[in-house]
Amino acid sequence: MNDPHQTKLTTGCIAAVLPAAGSGQRFGSDRNKLFAMLGGKPIWFHAASRLAARPEVGRIMMAISEGDEADFRGPFAELVNELGIELVRGGDQRSDSVRAGLDAIANDKSIEFIAIHDAARPLVCDADLAAVFAKVAETGAAILAAPVTATLKRQLDDGNASLTVDRSELYTALTPQVFRVDVLRCGYDRHRGRPATDDAQLVERTGYRVALVHGSADNIKITHPEDLRIAEAILAR
Ligand code: CTP
Ligand code: MG
């Protein structure tokens, strides 16, 4: 049976929120990893431009740290303006950064959905965006996810014993994670700082069902320096 909330996606009905306010500790460079270049453009620009290319995306909010503001408003201002990105001030936790984007669209009646996409995922493909957008129109909450391919073990006792875990139902969560505005807002309104690893978990806690959409494993998050080399190879393909 169809969800009673099933909606048609209209042009510009999705706001993209890109958390970009981290510091890239694990990447280990002297500035935010998102400024690292990939195919001649900074990582964040790839992530934002892929969302900007979708007709459903009407606004792009990027949450940035105080320390990066001079870069985004200075040397990178032209690229920011090229995509019509609105800069908002992020926070200490990723969820604070997402909330800043959510607050920025609070009074915008034209926005029905929010797509949260890590600025550190420069390689999301158009087909995956189309698929997760189509799903959220049906269900109100949908995320990209890739099937786990590794063989998984559960450590037992002191580590002298282990068991193989059935991976057939296991997925790695990716972004975008896309929600109807009221669904995400409910998750964030109830969020009292209890640790959550992604936005979908905040929504799950409200009891709302989050649909998984199979996405390409190429949609990697740049975390360590070697991820950038892998991204370069994928981009060159
Ligand atoms: N992010 C954010 N606000 C924070 C922390 C993270 O907007 N307070 C963003 C990052 O900029 C990144 C995305 O969330 O685009 C995913 O986070 P992660 O890959 O962990 O990036 P960093 O937190 O910057 O890296 P690290 O954890 O290695 O320091
Ligand atoms: Mg982090």
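Any Cβ shown, glycine's included, is placed from N, Cα and C.
These come from TrEMBL:
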SITE      R26  site 'Transition state stabilizer'
SITE      K33  site 'Transition state stabilizer'
SITE      R167  site 'Positions MEP for the nucleophilic attack'
SITE      K221  site 'Positions MEP for the nucleophilic attack'
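Within 10 Å of R26 (site 'Transition state stabilizer'), judged by CA to CA distance, lie the following recorded sites from the set K33, R167, K221: K33.
With a cut-off of under 6 Å between the Cβ and any atom of ligand 1, the recorded sites R26, R167, K221 reduce to R26, K221. Ranked by Cβ neighbours within 10 A across all protein chains shown, the recorded sites K33, R167, K221 are led by K33.
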